Amino acid sequence: MNQSLLAPFGTAIERVEAGLNALRQGQGVLVVDDEDRENEGDLIFAAETLTNAQMAMLIRECSGIVCLCLPDEKIKALELPAMVEHNSSQYGTAFTVSIEATVGVTTGVSAADRVTTIKAAIADNAKPSDLARPGHVYPLRAQPGGVLTRRGHTEGTIDLVQLAGLKPAGVLCEVTNPDGTMARLPEIIAFGALHNMPVLTIEDIVVYRKSLLAKVG
């Protein structure tokens with residue numbers, strides 16, 4: 001169903017290429033996961049190009065739980081422990097403790113403050129002491145291997161920003177409908193058309209990555 005609805009946007013490879021081009025230009029992309037999984041669409045931006053206006057959109061148009069996807073080595077470098085010792089969530093979403101920048105924020109809730117926190121966390125020289133805990137940004141630890149290991153939005157985000165040649169850090173939030181329900185693919189496609197954002201799926205990223213591996217092989 002998802003693939004047929006997305007057929008007008010080209011092949012899986014073409015959809016991923018459109019997403020990578022958007023990220024390189026500092027724009028957002030919409031990624032839908034498998035229909036038999038969450039079947040939700042996330043709005044994703046590269047962390048290094050994230051603007052206050054884009055954060056405001058994430059807060060306004062999405063669930064408000066803005067997450068910062070980071071690879072395992074960055075999570076370890078920042079000494080961010082898992083949110084809980086035993087993760088019993090349905091899909092094993094790897095939340096760490098929430099964070100706040102220690103410098104340059106007020107309450108930490110505003111769009112500008114959340115961007116400041118994200119920029120502090122992704123800085124090349126970032127230290128654990130640069131971040132207070134808890135806060136209003138929710139880091140997610142991506143599994144090594146990306147979507148070929150786990151078909152989640154966290155891994156899809158890291159795969160996309162890396163494939164785009166950007167720093168391995170991305171920001172995501174689940175898109176919601178005006179009535180507060182979760183947006184599914186038809187609504188995600190309409191949202192993408194309204195905001196001129198490409199739409200792709202986790203399966204598309206899997207296909208793209210496997211095609212790259214086949215070329216190497």
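Quick reminder: no glycine exception, Cβ is built from N, Cα and C everywhere.
Taken from Swiss-Prot, the feature D-ribulose 5-phosphate binding site covers Arg37, Glu38, Asp42, Arg150, Arg151, Gly152, His153, Thr154, Glu174. Sequence annotations record features per position, and here Swiss-Prot assigns Mg(2+) 1 binding site to Glu38 based on sequence analysis. Residues or ranges marked as Mg(2+) 2 binding site in Swiss-Prot (evidence: sequence analysis): Glu38, His153. Taken from Swiss-Prot, the feature site 'Essential for catalytic activity' applies to His136, Glu174.
Here the CA atom of His136 (site 'Essential for catalytic activity') lies 18 Å from the CA atom of Asp42 (D-ribulose 5-phosphate binding site). Counting other C-beta atoms within 10 Å of each candidate's C-beta, the binding-site residues Asp42, Glu174 are led by Asp42. DSSP assigns His153 (D-ribulose 5-phosphate binding site) to a helical segment in the three-state reduction. In this structure, Arg151 is the one among the binding-site residues Arg151, His153 with the smallest number of other Cβ atoms inside 10 Å of its Cβ. Taking the C-alpha atom of His136 (site 'Essential for catalytic activity') as reference, the shortest distance to any of the binding-site residues Arg151, His153, Glu174 belongs to Glu174.
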